[in-house]
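Look at TrEMBL and you will find 133-417 tagged as domain 'SAM-dependent methyltransferase TRM5/TYW2-type'. The feature S-adenosyl-L-methionine binding site is assigned by TrEMBL to Arg222, Asp260, Ile261, Asp291, Gly292, Asn331.
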Amino acid sequence: MHLQLPSSLKGMTKLDRDQFTQVVTVPFVNIPVECIQTSKWKNSLLTLHVFKNVRDLDPMSNTHKQVLFDPDVIKSKEDVINAVPSIAKYAEESFDFTPITLTYANYSIDQVIKAILPDDLGKDKPINTGSGYSLIGHIAHFNLKDAVLPYKHIIAQVVLDKLSNVKTVVNKLHEIDSVYRNFELEIIAGEPNTIVKCRESKATFQFDFAKVYWNPRLSTERERIVSILHRDDLIFDVFAGVGPFVVPASMIGCTVYGNDINPESVKWMTINLKANHSKKSRNEYHVFNLDGREFLRTIVFPRIESYQHEVKSDDEKKWCLSSNKIVILMNLPDIALTFLDVVSEWLSSSIDGSEQWILPVHIHCYTFSKADNREEDIRTRLKSTLPNVNDEQITCRFVRQVAPNKDMMCVRIVLFDNKKNEEENPTKRFKQDSSE
């Protein structure tokens, strides 16, 4: 049902809930309880926020209910009969109109905000007028533009009213420009508490949202990566944050090495690994607070080399781990590709016995692209940073659109895949991502 709200609401900066009250007239039919099939009639029923479209007729009688219909769809008795032939008899007997009172509670967040904000906002250039936000635990996170800031407090109050799980509303003040990948935010309503708990990939995460980086819009991508991991895979996360990759990877039995340059992220990553670690688990986790290049040079590459030699020289490990892989994750899209220069240095060095290594190394590196041909753009940039990798070792895929004409992409680079023919022994194939 299209609701016409009073024009007096436009430009409101202090929330007056009473101004949203109005009386509207809607059609109804009284129908026996056993004949009501709302799931089949949903296109014709009155649908409003926090509103029941099936009502009791008489507290003393449970035989019939009053079913309310959408006045935009049902304007006459004939409309009901055409839309829902099975209740034609009851429409003939009882079809009529009844007044109902709508209050602030019956409007969604989008409807309230749209009614309040001036119509000319966002006409010249699309902006977030308050209906777009992210939920992180008990926090609703906005990124409001300057034109909307005069209405930030009323927008925040509406969100607190409508979402019972939200206790704090924050607004991002600046773009992410610090080396720690966190951003300055302002608490515009609710409790001054930015330490949150949230669940993802069957794991529970806790962190201070004001001091670390966390993007709930990447949950699908993170779960996607976790889904292609196997027990006993060796995982290195160069920009691990609070652990959205390494924590669920550890839970499925991978040995993980998580690194972040932000000490606060390392603190919470350690807490999250411990909190989600089973006492019966034998797998290891390791946490580091290093620059990404230092982590690759001093931890990742030496450990890969020693681990490959361990596997190669141990027949039992060689057999048990022959279907596994080593994964390096690099999720820092603004600059992650530039860190591949140390991978190039490593590949150019003399790596003893690498032609006999058992485990392939998969690098998942994230980046942004605005080019018309995203994949060609990424491959061109890779060639300058990683000239010792050929095209067959590289695959690119779309992750998500982050802005008009700007996509987040993931490039996968496969190194040291010394298996001559996977088809000869399909039972030992490591888990692949078919979309790549």
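Including glycine, each Cβ sits where the backbone N, Cα and C put it.
Note that TrEMBL annotation is computational and uncurated.
Model, not experiment: these values are computed from the prediction.
What TrEMBL annotates, mapped onto the structure for a quick look.
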residue	record	contacts (Cβ under 8 Å, 6+ apart)
Arg222	S-adenosyl-L-methionine binding site	Glu200, Ser201, Pro244, Phe245, Pro248
Asp260	S-adenosyl-L-methionine binding site	Phe239, Ala240, Gly241, Val266, Met269, Phe288, Asn289
Asp291	S-adenosyl-L-methionine binding site	Ile261
Gly292	S-adenosyl-L-methionine binding site	Val238, Phe239, Asn259, Ile261, Met330, Leu332, Phe339
Asn331	S-adenosyl-L-methionine binding site	Leu218, Asp237, Phe239, Gly241, Phe245, His364, Tyr366
**Q.** Cβ-Cβ neighbours of Ile261 (S-adenosyl-L-methionine binding site) (radius 10 Å)
**A.** 19
Q: Give the maximum pairwise CA distance in Å, whole number, for the residues Arg222, Asp260, Ile261, Asp291, Gly292, Asn331 listed as binding S-adenosyl-L-methionine.
A: 22
